[in-house]
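Under the heading domain 'Phosphomannose isomerase type I catalytic', TrEMBL lists 2-134. Per TrEMBL, Zn(2+) binding site is recorded for Gln90, His92, Glu117, His256. The domain 'Phosphomannose isomerase type I helical insertion' annotation in TrEMBL covers 150-237. Summarising the annotation, TrEMBL assigns active site to Arg275. According to TrEMBL, the feature domain 'Phosphomannose isomerase type I C-terminal' maps to 317-357.
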Amino acid sequence: VGLESEVAKLLASGDPLVQIQPDQPYAELWMGTHPRGDALIRDNRIPQKTLGQWIADNPACLGAKVKDAFQGRLPFLFKVLSVNTALSVQAHPNKELAAKLHAQFPEHYPDANHKPEMAIALTPFEGMCGFRPVEEIVSFLQNVPELRALIGEVAAEQLERSGSDDPRGVSAALRVCFTRLMKSEKKFFVDQLNMLVKRISQEAAEGKDTSGSNGDLLLRLHSQYPGDIGCFTIYFLNLVRLEPGEALFLGANEPHAYLHGDCVEIMACSDNTVRAGLTPKFIDVLTLCEMLNYTPAPSSSKIFPAAQSQLDPNVYLYDPPVPDFTIMRIEIPTSIKLYLISAMDSASILLVIQGTAVGTSTAAASEMSLHRGSVLFISANESISLHLSSPDGMLLFRACCLL
């Protein structure tokens, strides 16, 4: 809310005319061409008003490979998110499912594209992602009777008996348990949730350790979404904590929920989300339970590594196993006063997180003043020279498509 939000801070520094309302939520900053939030062009010398219109009129700006591979459209959507209360338990469909959902329910699934995504923490960031190792889930089934009651004895025992030497059996048992939880009768799960919250609150008040029931997180989510089935997903999904610069990659069908913190996020250009809890929005439990990837893995395996560039030690590359996007973190130290944002065979979007510079480019009509919150669209095969003026270097993120 207000200037507590990284999105609001970037907006306010990026545009002095923006008035930040102290009681308004500022949750997402979109940089891209998605029809639900096509970026506005700030330079009034350019006749097109939005980035989508400009790319449609100048498709060569995408780069030859990107233009051909993605039918003349920018393949990614770049965002900053500021999360104070948990976002919904969700997953994103693969291309085949996205096309089917969009054809059947266009009001809920606005396009036919898949939506793999990556989040890179700007501040300490917390999220749930992927299924926990089975032994952790089994431990909760034994420590949290309210959870076991919802899943039922038969399904719980099936998961307890499933051995690590039979991954398909484990996935099948996990699917049954999670689906039984998510399809619980509303009155039944609300009663169980209230009993659980009451029990944990009492234990916490008596100074007891509630970590065996994931007590702290349960009480926090229940205070945000009282009576929501999503509160129970904490017993199935990994809790992942990211330090600034660390990343999560979420492929198709990967269950997740962002809980707290600020991040930059990049995804395929889509707004398709299948939700099932921690939300007042449309939920689609059947689709979610059908589509999920039920492969358990430890939380540490969810952190996606950045690779330092061989060509430029100031660049860290996050290159996920999908063609639609790559993201670079560029850290320019104080000692460098002139830095080249190099040309590449892809359009890219550059976001300034900290620092100031004057940018010059053969492609720009005049020099550009860059500071915190500035967003630049860079056509393929164009470079920008940065003349740094800040005493503490610069931090930039650059979203692109490396085919």
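Placed from the backbone N, Cα and C atoms, the Cβ positions cover glycine too.
Between the CA atoms of the residue listed as 'active site' and Glu117 (Zn(2+) binding site) there is a gap of 16 Å, rounded to the nearest whole number. Per-residue pLDDT, averaged along the domain 'Phosphomannose isomerase type I helical insertion' (150-237), amounts to 96 for this model. Summary of the Zn(2+) site environment: with the site residues Gln90, His92, Glu117, His256 set aside, the chain residues having Cβ atoms within 8 Å of the Cβ mean position are Ala91, Lys115, Leu250, Glu254, Thr273. Gln90 (Zn(2+) binding site): 25 other CB atoms within 10 A of its CB, across all protein chains. His256 (Zn(2+) binding site): 24 other CB atoms within 10 A of its CB, across all protein chains. Neighbour count (other Cβ atoms within 10 Å of the Cβ, all protein chains): 25 for His92 (Zn(2+) binding site).
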